[in-house]
Each structure stands twice: as structure tokens, then as C-alpha cells.
Amino acid sequence: MVESKYTPTTQAIISSLTKHDPAVSEALKNVLFNDNPSKVAKWHALFADPLFYPKQNMSLDEMRAIAYKRLKKVADAKLFSIYDFINDPKNLLTAHEMLSLCDGALATKFTVQFNLFGGTLIALHTDRHKEFMSKVDSLAHMGCFCFTELGYGNNAVEMETTAIYDEAKKEFVINSPTTLSQKYWITNGACHANYAIVFAQTLVKGKNEGVNSFIVPIRDEQMKPCTGVTIEDMGWKMGLNGIDNGKLKFSHVRVPRTAMLNKFNDVTESGEFKSDIKKNSQRFFKVADRLLSGRLCISAMCISGTKMNLLIAIRYSQQRLSVGASGLSDTPIMAYQLQQNALLPLLARTIVLNLGYNSAKDLFANPKGRENEVVRVCCAVKGLVSWNYEKVSTVCRERCGGGGYTAHARIHEGIQGSHSGMTAEGDNRVLMQKIVKDILSDLQKELHRQPQMTRCPERQLPKQESVGDLESLMNLVYYREVAEIKSITEVLQKKIMEESKKFYDVWMHEISDDIQSLALAFSERYALENALSIAAKVTDLKAKEVLAKAIRLHCLLLVRENLGWYLANGVISPKAGLALEGEYQQAVKDIVPHVNDIIEGFNIPKIPQLAPPIIRDYIKFNEQSDPDNVEAAGGFFDFTKGPKL
């Protein structure tokens, strides 16, 4: 074999790809994981059980069975309880972060059992429900969340399922009157749930008192559907087939009066409806509150899945060899600018979104004084994180070539999971509308917190002649939100006040793109603002430098992607726009020596059997033919030594 001869540039890049400072990675672990670090080791120890190792070539029944067995193993480990909503709120999101590293179907079944089912019980129960609640953690009471209907997704307040109070028998009669009223996409419903929390229009003495929730048995002790309950299996999906999604219909199913979750609304034995909440619409938002935490649960799953796919693509790229200057296959593809430009800006963006998510995690655990921000922050974070998960997964799959297309590479899990996350607990695009409605409402009340800019006299940014420094980039990102708010308020005023158009018509038919632009500008500002705040508090100087470089690259990426807007609005000069590309390309190169520090800072479990063969010894793995033989690929690729020539 001819001896490999690298050019000096290639040699320098390959050397930088083997660099690693464990102290920096340790510091980054503490920054990126926003909870008690001791929890991580317990989860990683659990995942060492062979039950959690990825498996291929399974039937639908086998996928569902293993997802349930894994969920039961998690429940038995007692690493989370529904009472953590009260005692340790962050633990809910930490559990989702951990589970997503292992199995998206498991994580989804977990989120329904513990957040939607268990969390609703915690939020809406009274003393009469406590005995029932005591059996949720163990899965003795396995639950599903019957909220979405075939005909009512984003407009669930108009759902058709009814709960009519029978005063004589002191019972509610749950009924699905039409095909459109069947409860749809019900996780845990097709196979494993024996109880459901059913949301229904509540009719008392002939009056509709709005949507309330009820504990309804759906299967007996032999796991057969209860009388009046029809359960249909929704079958195969585009992914996450370990989740047993079902359709549920109720035909005059009777439950006792006490089945109503009655913290905010109640019906007395004499048939009187009691509530301090006057409007049905406001009652709806109270009883549907778990969807809010659900958006952060999805964000938690997506942020971990994103980091897993970046690990896979980068580690594979560090050992996969292709053509070098000598014509030999002696150069890792991670040394190519093509590969770096595809992966490293996404790595930087994921760090910023991780820190933005961490801030949302803090807000969820302690919203005191900022209650008005919670809804829009949860909407913003879910949107950014799930869209980023999809983009990262698609790019990682492409940049790994055929190696990333096999099922055992696991990258496809991110494509499937992100598409689920983009519409679960609220369609991202509809949530963007909710963000803008909240911003406009708070502007009227003088409650909206505008971005804190350093170069914005009277909120008009002077034209930027240079955009390379972080302060300029920060102001450019922040200014877009300010400008979009100004633009949309002026358009609304003109069309409604001057042209006498209806708000609904303007909102739904004329300014849809403006709404999305403002929502994204707010969301990006929120993520960046909190990333900068968190990075400023980091005491390890080397880790602080890595974060600064990642944040700067992320900002350059945002401005680069929206360069047309900045030029068209006269925010930056053509000269600065031309110079931007050089700044961006150099910022990508500046991340290369820190790739290993960042990837190891993700703290992915060091369990080879959980990792795909392409980031282990993929040559050895391909010497045999069983895709389930995860042992065959041996240990992890040693990135500190570089690829084998």
C-alpha cells in the first residue's frame, strides 16, 4: 500500500479532529443538562439492561410488546413519579430527555402515562381521586388521554363527545354521537391502557357547561373492552410503531359522578354545576393544561434525539475515509469543508436551542412572576426544537450516505420522531399564531418584554457596516422581532381601522406569513437571549470560549439565512452583506477543534450496544450478517486516535 501523504492543511484539520479536553466536556455537561447531575448516572445504569438495546426486524406486535416491557422496567426503577409534578417538576422533562436517547416509542408511551394521564390527575384531582392515583406510577392503572377527536384537533374546544349528567342515578353518560367524535390517535389505547381520561362537553340540566375530564374504565381485568367502549387499532404508521395508537368510541358509557376530575368544576349530588370560572372557554384551558407541559416534554425528546443524531453523524464522519490529495482513501470525510459546513452550524444551533430549552425548563418549574410568558415560551421552544430535529436528522442521514440509511444506524428515528413532534400537542404553525396573539395582547397591556438591544436608539437600528462581532449579530437578531412587531401592528391597524375589515379575515386570509415571521423572530430571540445569559455565567473559561464560538456561528447562520430581509429593510449595508459569507465560513472552521469537547459534553450513554455500528467498528460489524447482533461492532470508535488507515 502506498504511504498516505496529507497536505499541511489536511494534516492540521485531521489533528484538530482528534483534540479533546475532558475538563471542557465536563463543564459543558453541567451547562447543557439543566438538572441534578446525579440523575444521569441512574438513567444510564438502567439503559445498560439488554432490554433497552435496539432491535430490528420486529413485527408490529413485537415492537409494541418491547415498548411496554421497557416502560414497565422504567416504572419499576422509580426514577419518576407523578408526584414529581409537585416535588420536582424538572424531573418530568429530565425523564423525557433520557428516554429519547434510547427509544422514541418508549418515550412517547411514557409521556402519555405520566404527563398527559398522570399529570392531568395531579392537576385536576381532589381527595376522592387519591386512591386511584396511587396506582399510576406502577402502571397498575395504565392510562390514555382521550382528547383529540377525528374532527377536532386544533379546535378541540368544539369537540363532540358528551358527558350528560343523569341526576336520578348520579352518573355521567359518556357518548360519541358521530364518526367525527371518535377519540383519535390515542397512545396506549390500542393495546395497553385500562383507563382513559376522557374529555367531553358536560351537559347538566340540559345546559352545556363546557369541556371537562372524566376517569373512564376502558378495559376489564382480562383486558377486554368494557361494555359500550369500542377500541380500534390504527395499525402501522410512518414510524414509532412501538406506540399503540387507537381510535376509541363510547356508546352511552356510564361512570359515577365522582369520576369527574373536579378541582375547578364540579357537579353536586343534586345536579348543580359549580365553578368559579364563568366562561366555558376559560374552563377548557384549565382542564387541558397538560398539553402545555406536553409541549416541553416533546421538546425534551427532540433536543436529546437531535444530539444523538449529531453524535452519530460526526463520529461516523471522523472514521469514514474517502479521497485525499494523493488519490488514496485516507482522509476522514469530517476533514472536508463540505461535511463541516453541513454539520457544524447545526451543532452550534443545537447548543443555542438546548440552552433556550433549559430556560423554558426553569420557567416551567418556577413560573412565579412570569406566568404570562409560559404559554408562548412553550410554543416557541417546541417549534424551534422539533423543526431543528427534523433538519438535523435529514442532513445527518444525507451526510452519512448509505451508512446512515440502514435502520441500525438509528438516524431515521429522528426523521420519524421530529415529524411526530411537529404536530403533537399542537401543530407548530398554529402554535406560532398563538405566540403572536399573546404578544399582541400583552402589548396592549404593556406586559410584553421587548428584547434588550445595545444599539437601538428609539428602537431603530443604525445601518450595520460590519456584522462580524457578536454584539452586532445579537442586535440584528433582536431587531428583527422589534421590526416585525412594528410591521404587523401597523398592518392590522390599517386593515381593521382604516379599511374596516374583520379581524378574523385579516388574520386568517391576509397576514399569515407576517404572523409566522414575527413568531419565529420572537422564538429565535428567546433562544439566543437565554443562551447568552447562561453562557455569561459559566466559570470555566475554556467552556465559555466554546459556547461563545457556537453562539456566534449560530447568529451568523440566522443572519445569513435572512440576509435578504436585512438588506431589503436597509438594516445592513451591501458591503456588510458581502463580508458576512467570509465571517460565516471562518466561524465554521473555528468550531472544528472543539467538536469532541461539544459531542462528549452531550453526555450520551457510554453503552456501545445502544449506539449504531457506524460509530463503532463498522467494518467488523459487516463481517457478519445479523443486524440484531449489536455486540459484533465492538466498542466505540476512538476519536482521539483518528481513523485506521
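The count begins at 1 with the first shown residue.
Just so it is clear, glycine is given a Cβ too, placed from its N, Cα and C backbone atoms.
For 144-253, the entry in TrEMBL reads domain 'Acyl-CoA oxidase/dehydrogenase middle'. Look at the domain 'Acyl-CoA oxidase/dehydrogenase middle' (144-253): DSSP puts its residues at 6 helix, 53 strand, 51 coil.
According to TrEMBL, the feature FAD binding site maps to Thr148. Listed in sequence order, Ala156, Lys183, Tyr184, Trp185, Ile186 are the same-chain residues at least 6 apart in sequence whose CB falls under 8 Å from the CB of Thr148 (FAD binding site).
Sequence annotations record features per position, and here TrEMBL assigns domain 'Acyl-CoA oxidase C-alpha1' to 291-438. Per-residue confidence over the domain 'Acyl-CoA oxidase C-alpha1' (291-438) averages 96 (mean pLDDT, predicted model).
Here TrEMBL flags Glu425 as active site, proton acceptor. For Glu425 (active site, proton acceptor), the count of additional Cβ atoms within 10 Å of its Cβ stands at 24 [all protein chains shown]. DSSP classifies Glu425 (active site, proton acceptor) as coil under the three-state reduction.
According to TrEMBL, the domain 'Acyl-CoA oxidase C-terminal' annotation covers 470-605. Each residue of the domain 'Acyl-CoA oxidase C-terminal' (470-605) gets a DSSP state, and the totals for helix, strand and coil are 116 helix, 1 strand, 19 coil.
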Where DSSP helix means H, G or I and strand means E or B, what are the helix, strand and coil counts for the domain 'Acyl-CoA oxidase C-alpha1' (291-438)?
120 helix, 7 strand, 21 coil
